[in-house]
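As given in TrEMBL:
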DOMAIN    60-269  domain 'MPBQ/MBSQ family SAM-binding methyltransferase profile'
REGION    109-118  region 'SAM motif I'
REGION    154-167  region 'SAM motif II'
REGION    195-208  region 'SAM motif III'
TRANSMEM  298-321  transmembrane segment
């Protein structure tokens with residue numbers, strides 16, 4: 001069952017925009033949970049096949065670990081100064097982390113795909129840095145994190161989001177921002193999030209949302225994974241999480257427009273109800289980074305992916321200009 005059937009009903013409303021202007025779509029009453037000043041989607045139970053909206057044959061040029069490794073070898077140089085201001089601001093980060101419920105300085109937190117530590121800076125506002133671990137496959141991104149003074153007491157390690165080097169029932173909180181789009185098998189990564197959490201622990205995954213505008217959708221499809229909202233929820237539920245909620249985020253100057261597919265489009269949380277491993281059993285990994293790669297294929301994928309990424313660097317500039325030009329109160 002896809003979005004058209006999920007978002008049906010006549011009485012309750014679901015916010016489908018973000019920013020200063022919001023657009024509404026019907027949703028059954030049981031699908032809403034309200035928190036002060038915030039709206040969340042909760043306990044939606046889509047029954048769609050994950051492969052139906054993500055064909056295996058669909059090209060995706062940087063949703064591979066080796067391409068992502070080299071992509072960030074260069075992007076790490078300008079990541080905090082060029083990428084974040086358009087896609088992942090401090091205000092967005094703090095709002096996206098609110099559902100993670102970082103209520104104690106003593107919580108044990110793992111930040112998976114933590115990169116340069118930008119999201120970790122938001123975590124250590126609430127949790128002692130000595131209780132936080134940053135994990136990423138990119139040593140170049142992690143080198144930037146090590147330079148940040150507030151993160152000097154964090155544990156920083158190289159690792160794979162689909163095979164986390166932590167024991168079962170280890171952490172109170174699992175955070176991952178801007179990483180899922182690079183996972184060849186997001187269901188496996190979310191299953192790992194379940195495994196490493198303690199009973200009652202909460203996972204919070206922050207990532208992009210699939211665009212609706214045709215050109216943005218094209219570049220998203222050839223670049224990497226932009227999941228649909230119901231896919232996030234289904235992945236969490238299949239992994240065994242309960243009380244699954246989704247919060248929409250974005251810069252205020254987008255005025256509620258979601259059609260271009262922001263790099264950070266939603267924050268999804270779920271609670272681990274039982275100790276131990278996830279009840280979901282999976283086969284071998286989709287991608288084995290130890291396998292040899294054809295250099296020509298690798299370079300072609302890398303270049304095409306980087307070109308698609310450039311489009312998403314330009315999108316926030318375009319929307320910022322529109323926000324300045326189009327009178328307030330008018331749609332953009």
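Note: Cβ is positioned from N, Cα and C throughout, glycine not excepted.
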### Query
What is the three-state DSSP composition of the region 'SAM motif III' (195-208), stated as helix, strand and coil residue counts?
2 helix, 11 strand, 1 coil
### Message
If you average per-residue pLDDT over the region 'SAM motif II' (154-167), what number do you get?
### Response
94
